[in-house]
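A short write-up of the structure that comes next.
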């Protein structure tokens, strides 16, 4: 019988970057054509990875901006984060940097299980943020970077599989740098 693990993942980013579309495409397998601003929504899906099952509880958040205050519900009990920007919006890329800093301050950790996602890759003709910029930012955080398209269902499954792996990587890394002796 597989081990079932519960993982809560918050999806954060500027407004209209496709956070809801990513979550909906992952869980329901379809693209939402209309835009309805999200206040907060949740999605659930069970994923099998190796011999383990992961029950993912996705928190789809309202769009944040530079001055948004992250509620503790986005920090306490959250195992990992998908930070999303729109490849056609430099502003959304700048906001994601600010969100990461707020998460670090809220957690008080240097290592966070984060996946940086450049969404709307299908609109590359209007691109304002190059993939190399996203990759460089993710590397500076020690995170993984991916570009996706919720409309084209490009790498959607991979995003959420990867965030599960990031959570495990960060959880397993704590304690490796510490040296102590109990007496």
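Glycine too: its Cβ is placed from the backbone N, Cα and C atoms.
The structure displayed is predicted, hence computed values, not measured ones.
Looking up the ranges 26-34, 35-43, 44-52 in Swiss-Prot, the one annotated as motif 'Effector region' turns out to be 35-43.
DSSP assigns residue 32 (GTP binding site) to coil in the three-state reduction, placing it in neither a helix nor a strand. Secondary structure at residue 19 (GTP binding site), taken from DSSP and collapsed to helix, strand or coil, is helix. Ranking the binding-site residues 19, 120, 149 by how many other Cβ atoms lie within 10 angstroms of each Cβ puts 149 at the bottom.
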